[in-house]
């Protein structure tokens, strides 16, 4: 039994934590560079429609609303999503309160409700939800609306509950294809629970379901008008539908992201809820367990057959939210030490997630992790690229047009330059992310040079978006499409981990064999190697069409030596079969360099490559450690 003082403490803990996290999220949101998907949703918002190739319309509408009020900046883009994300813990509190009937002198239900809300704040992925303008935010909001409506309808079928259900179903249908899974699990939950079957017999429930079904109409119409491109991407193109054991990692990732003890508490709560424990009303307990646990299990099982390349760890978030009302009662059954460890670990998880976003939002901090596997390329370098594009564009005729080689660059540059109509070339990224059909609808996908008109072009290429072994082939494909590539301007972000190449293309396609940016590799020393102040550097470099004139070795961006270029290496031409560098096979180089008086520790080794056409390209850098 809990008293008034316990309830006040629980309420204060929730309010202070919620306010602190909300303030941190606001500060991070105004500094965090736009994620590539956010930029594309902004672009969709500038081409208003009822539905799009990748998602229904609501995310784009919210992005348009935000930027219309606060301007085309990251705060303007994100503030509607921040508000929705901040509302989610309060919705969990409201839902949890309904699970416990008030009792004279016993405030246990109120304590559990505030604790459930606090868990919604601390749940790492949930607590950070709203930082990004992505569909998961309205999707989670819609899920909790439906869960709340379901609790009300299980108690008593009334118009207010049916109206809330209709609103939740409509918002979910306008948020994402994945909401269909929530609907399916919710229907199963109502069919399994006797009281739920009674709810389904009421005409008001079916009116709400009908309204929710109608909300799918824009998405259905879009697919009918576009050869089912959206459905095909969501259900066929992005998923192998072959069993793969990599799906086992989905469970592990879920446990880590929710924090292991909290995830275990949710699993325990789901089992107890299935047996009618964890809430005053057995129907409510079973309902939370079915809709929450069912959604999580369904997506975890789907992980054995579905896409394992793109991000999917957030899929279960709606189900985790639905389980939270059961968790405080479950934790109350645990030993005090385990309860405390669960809360501390959840807080640590949230701090880690928010800390990640803080690092990503700081260029200096992000650059320190340029060699890390988790380097956040989708957040990095867009402002610097936009500055370079403005600079190059100012040197070109007034009618020059910007062209991006993939949708990421097109959307991010569009956001930075407030131009939603940047043309994009065909690229594997456009197809893999389901954006090619939408670009076609907007007539922004240029399938050939003629589609861009006879005007000068500033071609912006994401060199780091292509696997290195396929990069030369990509350059040659650009030559086939656009003609020989002139001397480029290279924009290296974070030591070249994010790398862009800019070309000022003539108004008419030039003739001649393909000329392309330089290709290079440092064979030794390897990345992260330990070297003395005097060390040997070796590798190779070539530049299709014109060849390399000079290779200089740099340390932290400063030249420390001139390489002996032109040594024979027959294997290079054998591997890069497309290459037409006239200097093959004499493309290898060595250099003996001296680091000088730099301090011991980590430094960045790079190359400066000068072509016979006069181009100078700074190659990507790799870390090494200098020891005395």
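Heads up, the Cβ atoms here are built off N, Cα and C, so glycines get one too.
TrEMBL tags one of the stretches 47-68, 113-134 as transmembrane segment, and that stretch is 113-134.
Of the recorded ranges 113-134, 248-267, 341-359, the transmembrane segment (287-306) has the largest number of C-beta contacts under 8 angstroms with 248-267. Taking pairs at least six residues apart, the transmembrane segment (205-224) and the transmembrane segment (248-267) share fewer than three Cβ pairs below 8 Å and do not count as touching.
When Cβ-Cβ distances below 8 Å are used as the criterion, the transmembrane segment (113-134) is approached by residues 7, 10-11, 13-14, 17-18, 21, 25, 28-29, 32, 35, 37-38, 41-42, 59, 62-63, 66, 77-78, 80-86, 88-90, 92-97, 99-100, 140, 257-259, 262, 313-314, 317, 320-321, 324-325, 327-328, 331, 343, 346-347, 349-350, 352-354, 357 of the same chain, each at least six residues removed from its ends. Tertiary neighbourhood of the transmembrane segment (165-193): same-chain residues 55-59, 135-136, 138-139, 141-146, 148-150, 153-154, 199-200, 205, 207-209, 211-216, 218-219, 230-231, 234, 283, 286-287, 290-291, 294-295, 298-299, 315, 318-319, selected by CB-CB distance under 8 Å and a gap of 6+ residues from either end.
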